Amino acid sequence: KMSKTETPNFFYANETDCREVQIPNEIFFTIAMVSLGENLLVVVAVIRNKNLHSPMYCFICSLALFNTISSLSKTWENIMLVFTNTGHLNSRGDSVLKVDDVMDSLLCMSFIGSIFSFLAIAVDRYVTIFHALRYHNIMTMKRAKAILSAIWAFCGCTGVVMVVFFHNVAIMMCFIILFVFALVLILFLYVHMFLLARHHARKIASLPGSTKHHNLRGALTLTILFGVFIACWSPFFLHLLIIMVCPQNPYCECYRSLFQIHVILLMSHAVIDPAIYAFRSAELRSTFRKMFLYTWAQCVCV
Amino acid sequence: MKTKQCSAEVFASFGQAAEINCSSKPEFQRSRQLICSSFLVQKSPGIEMPKFQNSSKPGSGPHYVWEYEYYDDDEPVSFDNLTAHRYSVVIGFWVGLALFVIFMFFVLTLLTKTGPPHQENQDAFDRHCRPSSCMVDFRHPQASDNKACSQPLLDESHSLIHCFIHEEETGRTGEGQGQWREAKQCACSGLQQAQAKCKVERDTSFPTHCNIPNFVNSEYSSALGDDDLLLCDQPVPLDSNSLSSNNYHRTM
């Protein structure tokens, strides 16, 4: 009846056990810092350049903001974990757990917000293609701001609800269904846009004097966009599904042991996002160049 | 093999019975909510909630620190009778994902390469053809190359602009095709020379303009090195009226 010393995490350490794969904190830190830097850069560039105050760039800026929030909360969690491991923080303290809850809800909010921002960007591009002449009447700045406010409010509430009611199966199922629905919708929108582009390209190719040129770049871009989205997001969602569906199954256990790798994938999507969405725009790139040159000139002068 | 551990720590104080609950004192770990949910514990059969009584004498004795790890006594998760590799779910998932992405890429490239133009667009093509019309190049009316075509154009520009406006209002072939309509017009021109010039002018001028918010460029602009599907430049603010007036100003 005397106090037990701490027991190891895996009591029955079998050779066939799937031990949880631990990723060192440094990797988490690096990815979070890079993602934070990139996305903050995008946000600052969109805010500072008046030419970028259009609905399209507002959605890209919102995506970058959500990624920034997720990077910040991951960085914060890392710092707290470092302090916990070195013994400065009590890992079972009430305040620590409350802070952990806040961080988890911020993370959930930024995840859902990212998904909705992708959707908003896809819908905006869809309207650009299929209602090109009425685009500026359909997608006014006022409407874009209303859409963004709705997205942020919904994501804030959902983040809090999800963390508070995490044990509820229905909430988890809602999250997963939302992800699948967003995936299917984004796929549909982009494939439809691609089909129209192909249709136009073929019409140009059929005109006399035109050169026949197989354009693989559209297909490649679309595949990269969608492939990266799926590869980074679906392992995490499969993890959530597996927690609910087969917690006892040894195969599922082995999948769940890779949880930290799946979180790394999720964070790396926040790193890749600016390259796919924001840095493709020539206007944004020139804004970055000007910002860097200005900062460089200031540093040199001072 | 154990189920996911939820450790509970109880500080036994003097003379108090304490009940250990998994979710009462969870530990801060990375995304702990997503690893250790009490939902998991409720579903697992055979878990006992150990109770204990502190038997220390009141008023004396040290604090007890108990740590319990939750395990399934029946050990339902056993790694002994695995028929397949233990990471088979992981491998299956990633292989399936890769196959899906590759399949999608091949479908998209096949769509790019095969198929003739659709018949209904051929009809629309013919509908716009007017032998006497010469809608050469709306973008560079001052270019000397256009002199051959611009004369007859001046007379017909009004009617052609009305045709444009009519096209936009009916919107039969879809509104994203303003520039493509110009291509059709150019190609249908009765003057062979002008037609060739149309083509050349159109090709070279196409990538430099984006007066319709259009981020999906054609093969030509891709060949010229512009960004492709994801180019998102600021569209010039135009509605249907200003578009037609814009075109009108360009022809003058």
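The backbone N, Cα and C atoms fix where each Cβ goes, and this holds for glycine too.
According to TrEMBL, the protein has these features:
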- A:27-47: transmembrane segment (TRANSMEM)
- A:38-277: domain 'G-protein coupled receptors family 1 profile' (DOMAIN)
- A:102-123: transmembrane segment (TRANSMEM)
- A:144-164: transmembrane segment (TRANSMEM)
- A:170-197: transmembrane segment (TRANSMEM)
- A:218-245: transmembrane segment (TRANSMEM)
- A:257-279: transmembrane segment (TRANSMEM)
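Residues 115, 118, 169, 172-173, 175-176, 179, 183, 186-187, 190-191, 194, 197-198, 201, 252, 255-256, 258-259, 261-263, 265-266, 268-269, 272, 276 of the same chain, all 6+ positions outside the transmembrane segment (A:218-245), place their C-beta atoms under 8 angstroms from a C-beta of that stretch. Same-chain residues lying 6+ beyond the ends of the transmembrane segment (A:257-279) with a Cβ under 8 Å from its Cβ atoms: 18-23, 27-28, 31-32, 34-35, 38-39, 41-42, 60, 63-64, 67, 70-71, 74, 111, 114, 121, 224-225, 228-229, 231-233, 235-236, 239, 285. Packing against the transmembrane segment (A:102-123) from elsewhere in the chain are residues 56, 59-60, 62-63, 65-67, 69-70, 72-74, 76-77, 147-148, 151-152, 154-156, 158-160, 162-164, 175, 178-179, 182, 185-186, 189-190, 229, 233, 266, 269-270, 273, 277: each is 6 or more residues past its ends and has a CB under 8 Å from a CB in it. Restricting the average to the domain 'G-protein coupled receptors family 1 profile' (A:38-277) gives a pLDDT of 86.
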